[in-house]
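Feature annotations, reproduced from Swiss-Prot:
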SIGNAL    1-22  signal peptide
REPEAT    36-67  repeat 'Domain 1'
DISULFID  CYS36-CYS51  disulfide bond
REGION    36-102  region '2 X approximate repeats with cysteine pattern C-C-CC-C-C'
DISULFID  CYS43-CYS56  disulfide bond
DISULFID  CYS50-CYS67  disulfide bond
REPEAT    72-102  repeat 'Domain 2'
DISULFID  CYS72-CYS87  disulfide bond
DISULFID  CYS79-CYS92  disulfide bond
DISULFID  CYS86-CYS102  disulfide bond
Amino acid sequence: MHIVCKVALVSCMFLLFKDVDASAVLWNQQYDKTVCNQEGEFCSKSGVDCCAGLSCRKYNLMGYGVCAAQTCSEEGTFCSLSDSDCCSGLKCKRRGHGYGECSK
């Protein structure tokens, strides 16, 4: 059920409102725990889809990354020129239009 909810959120919400018995409430509580992406799962650059304590790191060219506990981007990972989050001692060096790579 978790996969169905992540792919088809509208259908998932419809099922919750359609069934109001105890099993629907229990299922809703289980669903709430899977709304955020766990460490190692894909995320968007905004990072709002990562679970608490995680942030979106290691972006690719499309602006997607992986949820991780680290607070900065390591050497060799993509970074935004306008909002660089490279680790200490690294700079975001331009590699294309609007993005770069963390390097020394």
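Backbone N, Cα and C atoms are what each Cβ position is placed from, and that goes for glycine too.
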Listed disulfide-bonded residues among CYS36, CYS43, CYS51, CYS56 whose Cα sits within 10 Å of CYS79 (disulfide bond): none
Among CYS50, CYS56, CYS67, CYS72, CYS92, the one of these disulfide-bonded residues whose Cβ has the fewest neighbouring Cβ atoms within 10 Å: CYS72
Segment confidence, the repeat 'Domain 1' (36-67), expressed as mean pLDDT: 80
Around the Cβ of CYS87 (disulfide bond), the count of other Cβ atoms that are within 10 Å: 13
Residues near CYS36 (disulfide bond) in space but at least six apart in sequence (CB under 8 A): ASP49, CYS50, CYS51, ALA52, LEU54
Site with most surrounding Cβ atoms, counting all protein chains shown within 10 Å, from the disulfide-bonded residues CYS51, CYS79, CYS86, CYS102: CYS79
Counts by DSSP class (helix H/G/I, strand E/B, coil) across the repeat 'Domain 2' (72-102): 0 helix, 15 strand, 16 coil
Residue pair CYS56 (disulfide bond), CYS67 (disulfide bond) - Cα distance, angstrom, rounded: 5
Integer Cα-Cα distance in angstrom, CYS86 (disulfide bond) to CYS67 (disulfide bond): 16
